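Sequence annotations record features per position, and here TrEMBL assigns transmembrane segment to 12-35, 47-70, 90-111, 123-145, 157-176, 225-250, 270-291, 348-366, 378-398, 404-425, 437-459, 471-492 (among others).
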Amino acid sequence: MMRVIKNNTVALMILTFVLNVVSFGKNLVIAYFYGTNTEYDVFVLAQFIPLLISGLIMGSLQGALIPIIISGKDKYGELEMLKIYKSISLLVALSVTVIAIAFSICSYQLLKAIPIGFEGEHFLLLVSLSSVLIFVLILNCIVVLLRNLYNAKHQFILPTFSTMFGYVASILYIAIDPGKDMYTLCFSLLFGTAVEAMIQIVFLRRSGIVLPKGYRFKNPDVKRALLLTIPLMLSATFGLASPMIGQILASNLYEGAVSSLNYAEKLDSMLRQIFIVTISNTMLSSFTTWVSRGDIKTLKEKVNDIFALYGMILLPLAVYIVHFSPYIVKLLFERGEFTSVSTRYTSSVWGIYSLGLFSFLCGMILARIYNALQDAKYQVLVSLIGLFTNIGSSLVFMKHYGHNGIALGTVLTSGVTTVLLYYFMTKKIGSILTRRTLIVLMKVFATNGLLFGLVYLLKRLFIPSGMLAEFIWIVISFMFLTAAASVLYKWLGLNPTLATRRVWSERLRREA
């Protein structure tokens, strides 16, 4: 099994990297044409209710249905399980369609009830854009339901390809459309998501996924799946509401606050997709298998190995981003409508977001364990606590640091929720982190604290000027930081290569 996971994850990480390059290209195109003006602020906020509901569906369906599909194959057989899944999918799709239509009708009243900072024509634009974007929800639902079928069979590659082609289609739509207003961005999202769904539908049979005729609405697992989805959706609501609240708060600040948060989140999301989402998604089926076998010991070992390895990777990456985000954002974005002010706003937020990469990884892995255990009550509780923590901390920090304070509140909330998820998990399966892992993490944090100081001194000695000099400076600094981290890790007895083997191997053939 671990060999399958290893091959899938390595291939998925490569494809996810390519996917994020394509997605990043789309963001560069958007930044060039729209920058951080108020109209783009409106568009960013208009996405959030549709994306919030889509996120609820995506997270809860994956968390609830994949474990049920895997366990249901042994219980009912594959054909019967697919009929059950079809029944659940039809009910979900109908519900989503009703939600989309209802929101489209009542969007003005709903948005008016939210303390958004836009007024007059900007508020009317928000209502209009939201009414169009809500129909992305239906297409996203179809994409997620199809992707679950692929993921349950450990076929992660084709869904990633379909998403990539969807991004390309969206970019082409923006490039071809002569108007290039906010509606261009709306319809580009609809077009790209439709392409993604069509590709997954076309390749179902070629991937060995044949949906049988008939439904099983009365099967008890249909009810169980829907009941499990409800607390997961509540948990996801509280979690996904946090960035939406940040955008709403930012809309009451200055021009560019909303869009700079959005650009920074896209940059941070690219790293999260490559390093975090891939490992968490591919491990979900394995966690489910180990839980069903009662093999909690192996599950804990893998969690320790993942935390140790990714701590060695993500913390130096955070150090680098904190120091060099202004140069990177300037090099990538600063042209067209994206000004030096946009660079300053975006880079400062990205640096803050990067501080939460490791805690985000830990939280995602712990959430997957809860999914495997099919227990969502603690996730709901923690998400509720996180929601109030995020609101309170963002309001306090925003008064002193503007939109940067909203990012600080998000990072603080990520740390708090991760600690709480871990605490409640120990109540269910006992202590997870071993003494060895804690020592490794202490060494990793100490190493990166030293690296932070070294890079700070290096920046004091030399500041480049000119685009070419800044590019060379970025590359050389990354190489220096990587080499310095490797030397310090080795000096402290840390071995990233061995840690990689521990993540992907059930047994080690040699010890450190």
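Glycine is treated like the rest: Cβ placed from N, Cα and C.
Bear in mind that TrEMBL entries carry predicted annotations, made automatically and left uncurated.
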Same-chain residues at least 6 beyond the ends of the transmembrane segment (90-111) whose Cβ lies under 8 Å from its Cβ atoms: 49, 53, 57, 61, 123, 126-127, 130-131, 134-135, 137-138, 141-142, 145, 215, 217, 222, 226
Selected stretch (most C-beta pairs under 8 A with the transmembrane segment (348-366)) from 12-35, 157-176, 270-291, 378-398: 270-291
Ranked first among 12-35, 404-425, 471-492 for CB pairs under 8 angstroms with the transmembrane segment (157-176): 12-35
Distant-in-sequence neighbours of the transmembrane segment (471-492), which means Cβ under 8 A and at least six residues beyond its ends: 312, 316, 319-320, 323-324, 327-328, 331, 443-444, 446-448, 450-451, 454-455, 458, 462, 464
